[in-house]
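Copied from Swiss-Prot, the annotated features are:
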DOMAIN    91-261  domain 'FAD-binding PCMH-type'
CARBOHYD  ASN66  N-linked glycosylation site
CARBOHYD  ASN274  N-linked glycosylation site
CARBOHYD  ASN355  N-linked glycosylation site
MOD_RES   HIS128  pros-8alpha-FAD histidine
SIGNAL    1-25  signal peptide
Amino acid sequence: MRLIILNLLSLGITPSVVGHSGPHRQETQNLNNFLESNAINPAAINGETRHTGGVHLACAILEASNQTAVVFPSDGELYTQIDKAHASATAPKNPACIYTPNDVKGVSLGVKVATFVQAKFAIRSGGHSPMEYFANIDGGVLISLAGIKTLEYNADTQTQRSGFGNLWQDVYRHVNAQGRTVVGGRTGSVGLALTLGGGLSHFSNAYGWAAQNVLSYEMVLADGSIVIASEEENSDLYFAVKAGANNFGIVTHIVQRTYPLGKIWGGSMIFPGNASAQFMAALADYQAKGQLDKKSAILPYVGLIADAVVAQFSYLEPVERPEAFEAFYDIPVIQDLTQVWDTFAAMVTAPIPYNMTRFSYATTDLLYDKEAYLEIERICHKYIPRMRKLEGGDIMLMPQPISVSMVGEARARGSDPMGVADQPQLWFVVSSGWNLAQDDAEAESIMLDALAEVEEYTKSRALHLPFYFLNDAFSTQMPLQSYGAVTYGKLQAASRKYDPTRVFQELVPGGFKLV
């Protein structure tokens, strides 16, 4: 608290402590000064709200600043609609209010208000994460970035500036119209916060991780200041935010490199579930040979109970059934939805025929080994009987082959905080899906038990790698620490420098924290 007070004093603001024994004259003046310094009429905040303080005062101040930007539970369906704008039904909570600013100054105000009254808050971009409290909060302020919709292509620099209220499909549509693309999400419905966790893309084989193709981040820091983080400005912050999640501030915009792109081939193939072992063998063969073609990429979903394997293929030229994927062509196909697409945006917005009401996931990393790929698939099959007991229960595997070229292309574009080993490897995700909230704990337990047995096996064969991809990590995993002691120390140093009062460690409870 002392550090918070010192920080506010440095801003010329004396913190209010309303809500303890009634508003005293000095406390009232402190609050009035804060309101006036932010162009808010003190008369807009009534005495009862001043006395209550905390999150209720924060919501009232934000409403006074922009009435249309704040939604309360009393707003009924509108509140529910915004609150539940998440990919998984595990994520919505019950925030005291939802604040949706439409520009970076509004985001800055949200942070300053929450800090001044010491109200806990969450930040939501696309809302893709299923983890509790990562992008929502109970009884605090939810700052939604849905109003930050900037889309600007600079033809002179061939760069794209995008607001964090966009989804990747919005960015792709905008930049594809220029005959260009960015390195972004593999499905169009994912948000831009993917670039705060490295970011795996269909373009990674050619250009590295998504974050390594971000030239600058526009951020709001804990004191409300707006800064640019890039190689030239605040380079230590730039390094940290590329894979450090929400520990340093709120990112509102990114500027990305773009690359030329015309028509492409890709889409989904659906294979029968009883071909899952054959698919894993083909995946290993693809990684050994086909993935050497940097234009190729694959995103597999192996549903063990849904009895289907769905693979999304991508090839960065309009070549029908490219040779890179020949390992998969001998597997029986239920449905082939691949085609030549006019734009990448059209492909990633096509629905993937796999959906779960409630889901979660956890990740592990292992070195390339065909025998191991087959064995970890067999291990996960053992957990089917437990999952079948849950309504809508399924176990889905996402075996993501990582090539040496992905690592090399990422490093070629600057310092990579993730420190991924330059060896062929598999980022292996075990995901659980189910229907009922009452089954949350059991569904996650099954998933984690399966993953633990997978790791026990890979460690026994000296294949385990101690890296956890943040964007696929479960809430109890420790991806930040998995970057190694040197990088983790740099993240901690950046946090101390840019958030000395620990706002994003203590007032923002969600996400992977620095300890």
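Glycine residues also receive a Cβ, built from the backbone N, Cα and C atoms like all the rest.
Taking the features listed in Swiss-Prot, we show where each one sits on the structure.
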residue	record	CB count, 10 Å
ASN66	N-linked glycosylation site	15
HIS128	pros-8alpha-FAD histidine	21
ASN274	N-linked glycosylation site	11
ASN355	N-linked glycosylation site	10
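Comparing CA positions across the recorded positions ASN66, HIS128, ASN274, the one lying closest to ASN355 (N-linked glycosylation site) turns out to be HIS128.
A straight line from the CA of the residue listed as 'pros-8alpha-FAD histidine' to the CA of ASN274 (N-linked glycosylation site) spans 30 Å. Taking CA atoms as the reference points, ASN274 (N-linked glycosylation site) and ASN66 (N-linked glycosylation site) are 56 Å apart.
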